[in-house]
Amino acid sequence: MEREEIVSFLDEYLSISSYPDKSSNGLQVEGKEEVERIAFAVDACLDTIAKARAFNADMLIVHHGIIWGGVSYVKGLFAKRLKALLSSEMNLYVAHIPLDVHPEVGNNVQLLKLLNLEPLEPFGEYKGIKIGYIGEFEEPKPLPMIAQILAEKLPVDYVRSYEFGLQEIKRVAVVSGAGGFAIEEASEKADLLITGEISHADYRTAEDLRVSVIAAGHYATETLGVKALMKLVREKFGVKTIFIDSPTGL
């Protein structure tokens, strides 16, 4: 399969150029023209690159790439990561915000699906766009039950539940990864915010606004879109794929 055919499909399907994002979405590193084996991971780090090489991957598709806000110098850790990719002629394709917001394979839609919810409306204002969604249960569910479902379905050792608001939850807002910025909006539009992680300051914001938050793991909540995209690419192009798990515990 030609690289450009895969890249063109991903660029269009994920609307790569439609979002303001410093993470240089799309093909970050150009490698082999022919692609038969594709590795998928959350992060492009030395661990996942090495495991992709062991799989003999022609392309690595990730949520977090190696370029953030442009390149000034090619040295240090950046040089090591780049060398690891170039030495094996491995393509690196990145979908950061585009994979958060996508209405079919996106992290946030997939997070709602774990709770058997459908996206009702966009949520989570970030640089002028909504990157998350709101879903709604037909009948209210106990907050501990929701936390337990996520703990069972996500690749995470535990979830943190900050029970500052309602115990019976009907409207759920989701923002994968670091979604603390959406706490204020959640206090106005939902009974619960589900995200990956929050900061110390975010904790106090949620406490003062009396809104409950579940932090289910930054890494764990962002495996969902990558895995959904992997399934789509495998079925569409008939390539061999692998998901490389490299958890951070965060």
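Each Cβ is built from the backbone N, Cα and C atoms, and glycine gets one as well.
Per Swiss-Prot, the feature divalent metal cation 1 binding site maps to HIS63, ASP100, GLU222; the stated evidence is similarity to another entry. Here Swiss-Prot flags HIS64, HIS218, GLU222 as divalent metal cation 2 binding site.
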| message | Cα-Cα, whole number of Å: ASP100 (divalent metal cation 1 binding site) versus HIS64 (divalent metal cation 2 binding site)? | response | 11
| What is the one among the binding-site residues HIS63, HIS64, HIS218 whose Cβ has the most other Cβ atoms less than or equal to 10 Å away? | HIS63
